[in-house]
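J.: Have a look at the structure that comes next, please.
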Amino acid sequence: MDSLLAPSSTSSFPSLNNNSNSRIKHNSLPSSLGFFNLRKFSTVSFGYSRRSCRLRLSSSRRSKIKSSTSPTMSSSASPEIPQPKIVNGPGGYVLEDVPHLSDYIPDLPVYSNPLQDNPAYSVVKQYFVHVDDTVPQKIVVHKNSPRGVHFRRAGPRQKIYFDSDDVHACIVTCGGLCPGLNTVIREIVCGLFHMYGVKKVSGIDVRYRGFYAKNTVHLDPKVVNDIHKRGGTILGTSRGGHDTSKIVDSIQDRGINQVYIIGGDGTQRGASVIFEEIRRRGLKVSVAGIPKTIDNDIPVIDRSFGFDTAVEEAQRAINAAHVEAESFENGIGLVKLMGRYSGFIAMYATLASRDVDCCLIPESPFYLEGPGGLFEYIERRLKENGHMVLVIAEGAGQELLSESLQSMTQKDASGNRLLQDVALWISQRIKDHFSKERKMTINLKYIDPTYMIRAIPSNASDNVYCTLLAQSAVHGAMAGYTGFTSGLVNGRQTYIPFYRITETQNKVVITDRMWARLLSSTNQPSFLCPKEILEDQGHEESSNELLDNGKCSPN
């Protein structure tokens, strides 16, 4: 029976030119088959009972899983959040699996995947993903270390749980702009249309509220043909909460059975709540997320789409700052880049540029005055080279601003802390320091390319990546998976449970080799004070004490 649904890698697949009707129902096959080859695992605990879960989660993770599904969104009911779906195997193997429609809807009909009759894929050997294929989260291990956490590999399955003629899919984009949004929209539409023959796809206009505001647009390959050449999103976007119950009511009323949600961690938290309400009502609706954040701060995945484009475009701003700085006596080019909580864009743009003398990010606290401080370093670089380029992420140095205590309590519509413009503040502090205290003439040029970077189309690398993310989400939804995010892990497309995407944020580890490479490239001080690095499980961020005036604590 297993070989019917998912042949082993050594067995031959059914002919891809099979003349049988690809939509023949296989009601005689239990819908849950093909989900796991249970004989290969010693322990399987993927039920919704909290007692049956064998994976011991830390109390912090459990609390994050609970909190990730209860943002400021109202619902008619508050269902108990099911326990993560875990499969334990030999050698310390742990599969953190994603939900499936058959988990809560019995006796679902199963259909043959129409790709087996698609001439475009007739040349692909063993095109369908094996039922046991998983991807490890941690790829570097020791010979005696456990196999560790795995995620389900993404891709087309031999059996699907939707008749293509019955599918009504919808797509929604939320949060800030990011290069590649239109590419993801295009590839979801084209993937559904060309690979699975789905003809009914709707775009939800202006984020989640568009569901109950009845704002929809019809999408087909002709409509989305060239949208990847444009920046932004054709569906519109904004920030803020939503009414979960109204959204699911709208999904029910319109007969939508596949929901594709493109957005950052806040959007994915909303998607998780929507999925739980759908599950509570027992609806046959797949909810698939595509993670979007230009800052690359979503955990687990290798990178988020739009990040490569952002780093590439940031080079233009850094190059302009370098030209300006070189052209004037004691010239300083200061560039502010995106990075609310994570400094990945600033770090990678600095490494790629080789023209940057100092990079400041949120993860690495710094101080201005005194020995080893930023002012001393700037003065030394000006005396050595006659100019310098400074890159700062928008979230860096917030604790140094005089208004920081007030700004900490203010948040935007998505719940993000409102940040002060640290680059403008530091620009003025640098000018004041050298004009009043050092009596030294400087020429400082400040460049902020934030919205220019966000609004451009994605480059070639991100375009390809967006295609993989979108098609993986389509394959997963058609195969009956739900409550998952499509993401790249160790170079492989995977399906990741929502709670793993929303439980924390990806940040630069300043005790890691990549940050050491940056320090080596720029020759900037680490600004660590006192120089004590606390290591927990091999890598932890350093502990830094700062006084209100931005100087090091004597202790």
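Backbone N, Cα and C atoms are what each Cβ position is placed from, and that goes for glycine too.
Automatic, uncurated: that is what TrEMBL annotation is.
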J.: Looking at the ranges 1-23, 139-161, 231-253, which is given as region 'Disordered' in TrEMBL?
T.: 1-23
J.: Which has the fewest other CB atoms in a 10 Å radius around its CB: Gly176, Gly264, the listed binding-site residues?
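T.: Counting other Cβ atoms within 10 Å of each of the binding-site residues Gly176, Gly264 gives the minimum at Gly176.
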J.: Tell me which of the recorded positions Asp265, Asp295 sits in the most Cβ-dense spot, judged by other Cβ atoms within 10 Å.
T.: Asp295
J.: Within 10 angstroms of the C-beta of Thr267 (ATP binding site), what count of other C-beta atoms is obtained when all protein chains are considered?
T.: 26
J.: State the Cα to Cα distance, in Å, between Gly266 (ATP binding site) and Asp295 (active site, proton acceptor), rounded to an integer.
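T.: For Gly266 (ATP binding site) versus Asp295 (active site, proton acceptor), the Cα atoms are 14 Å apart.
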J.: How many Å separate the Cα atoms of Gly176 (ATP binding site) and Asp295 (active site, proton acceptor)?
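T.: Spelling it out, the Cα of Gly176 (ATP binding site) and the Cα of Asp295 (active site, proton acceptor) are 11 Å apart.
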J.: Within 10 Å of the Cβ of Gly266 (ATP binding site), how many other Cβ atoms can you find? Include all protein chains, please.
T.: 20
J.: Where Asp265 (ATP binding site) and Asp295 (active site, proton acceptor) are concerned, what is their Cα separation in Å, rounded?
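T.: Approximately 11 Å lies between the Cα of Asp265 (ATP binding site) and that of Asp295 (active site, proton acceptor).
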